[in-house]
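The next block holds one structure in the form of structure tokens; read it before the comments.
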Amino acid sequence: MEMAKEQELILVLDFGSQYNQLITRRIREMGVYSELHDHEISIEEIKRMNPKGIILSGGPNSVYEEGSFTIDPEIYNLGIPVLGICYGMQLTTKLLGGKVERANEREYGKATINAKSDELFFGLPSEQTVWMSHSDKVIEIPEGFEVIADSPSTNYAAIEDKKRRIYGVQFHPEVRHTEYGNDLLRNFVRRVCNCTGEWTMENFIEIEIEKIRQQVGNRKVLCAMSGGVDSSVVAVLLHKAIGEQLTCIFVDHGLLRKGEGDMVMEQFGEGFDMNIIRVNAQERFMSKLKGVSDPERKRKIIGNEFVYVFDDEAAKLTDVDFLAQGTLYTDVIESGTKTAQTIKSHHNVGGLPEDMEFELIEPINTLFKDEVRALGIELGIPEHLVWRQPFPGPGLGIRVLGEITEDKLEIVRESDAILREVIREEGLERDIWQYFTVLPGIQSVGVMGDYRTYDHTVGIRAVTSIDGMTSDFARIDWEVLQKISSRIVNEVDHVNRVVYDITSKPPSTIEWE
């Protein structure tokens, strides 16, 4: 990943903590660019990146375990401020000549520390609540260090070598449970590392446009557009950079939400004057899905067919050298570090053919999802599009459980439109992470008017979450749920029952298939 030289950087080294991405995000929220890299990064690479500061993350291991993660000690001699968090502090202590030993039992949870008012704790109260999570403990600090915080359980809750600007904390400042964690990180970033905090979406756009123009020159770029937030932001950013050199292919597989295909063409084709080729492939997809009920087979068919359709359309274009993708920074992190956890694959449509000879452009691969939304707003994309609901690549194909038919798709499409309309009317769009309807394939007895019915059940799924990795069902007001239910059974044909999914993730996933 190339960075503009004028951009301030805080480098976070990964030792396997579940909070690693939080550190990076907290720094970015301060207006300072931050990247997460593997702990095995070379000294030469660090020098090339020229960070203003380095943070060593926490991790689940002991510094004394065989094969435990370590770093080149030369990092401490670069003249760059270093902050070690939990495992990062223990490793710093060990590498610089102090002593660390295994604790009798793992310390996990809230604790109270007493801090001195130095650079790290500048302007903060001496007594603070912090979040501890460690199995080793420091029993002797290295030469040149002094204690700047203690707690009832340890004399070394935080340490510093003021001369070399090396710090360590035995708690997690990046988590919300640590009372003044953000303030501590801000002191490190601003006071110790002297960062100015000028990283904004506005200057990100300027830097990225210049990079795109340098990479592309006068050649052409192809972008697969789904109408989702990521591909839409990529397309608008590229169009702003290279104009008519960009061509977008929008594959309409017939599994979209109500009015979605027309919306893409109207908002982006006409609204942004972009060159978008719409491929109406509904019949092709439905014929391939006929009789298929297994969810994995459905996913593979939809993914593969998307690739074939895109490949066919791309072959009709000439002189295209680049393919643009909406890869996010979370994707880069999950695939780019040895300590990353394996996470269930997302529903996004599968990769494009390996034999397509394009050079990749991934202009948002340094951004998190919320930053992509902020970028979209800065680019002038209407707010209601930027804040659209996440939508899986296979679309409604995995919200109709079992075999997909046109009639079943229509039920999901109409009921989902009602759900989204009511949520919007009630002002709940920003409060709920994701919400949609599903067709479980269950029919039940009902009474409508004077007649007995035997019709479909519609399920409502609405969850709250921060990142989608875990979630809880949304506590929607009963009157709102009643309004949604009443409208669905009265306005959608062949539905006589509505149920609400009150399961968390885990054990369930957000999507039903």
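Placement of Cβ uses the backbone N, Cα and C atoms for every residue, glycine included.
Annotated in Swiss-Prot:
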- 9-198: domain 'Glutamine amidotransferase type-1' (DOMAIN)
- CYS86: active site, nucleophile (ACT_SITE)
- HIS172: active site (ACT_SITE)
- GLU174: active site (ACT_SITE)
- 199-388: domain 'GMPS ATP-PPase' (DOMAIN)
- SER226, GLY227, GLY228, VAL229, ASP230, SER231, SER232: ATP binding site (BINDING)
- Other residues with Cβ within 8 Å of the Cβ centroid of SER226, GLY227, GLY228, VAL229, ASP230, SER231, SER232 at the ATP site? MET225, VAL233, VAL234, GLY326
- Task: Please report how many Å separate the Cα atom of SER226 (ATP binding site) from that of GLU174 (active site), as a whole number.
- Result: 35
- Task: Please average pLDDT over the domain 'GMPS ATP-PPase' (199-388) for the predicted structure.
- Result: 85
- If you draw a 10 Å sphere around the Cβ of GLU174 (active site), how many other Cβ atoms fall inside it, taking every protein chain shown into account? 26
- Cα-Cα distance linking SER232 (ATP binding site) and CYS86 (active site, nucleophile), given in Å to the nearest integer: 40
- For SER232 (ATP binding site), what residues in its own chain, 6 or more apart in sequence, show a Cβ-Cβ distance under 8 Å? MET225, PHE268, GLY376, ILE381, LEU385
- Note on the structure: By a 10 Å Cβ neighbour count, the lowest-scoring of the recorded positions CYS86, VAL229 is VAL229
- Message: Tell me the Cα distance separating GLY227 (ATP binding site) from GLU174 (active site), rounded to the nearest angstrom.
- Response: 34
- Task: For CYS86 (active site, nucleophile), name the DSSP secondary structure in the helix/strand/coil scheme.
- Result: coil
- Students should find that the Cβ of SER226 (ATP binding site) has, within 10 Å, a number of other Cβ atoms equal to 23
- Task: Take the C-alpha atoms of VAL229 (ATP binding site) and HIS172 (active site) and report the distance between them in angstrom, rounded.
- Result: 32
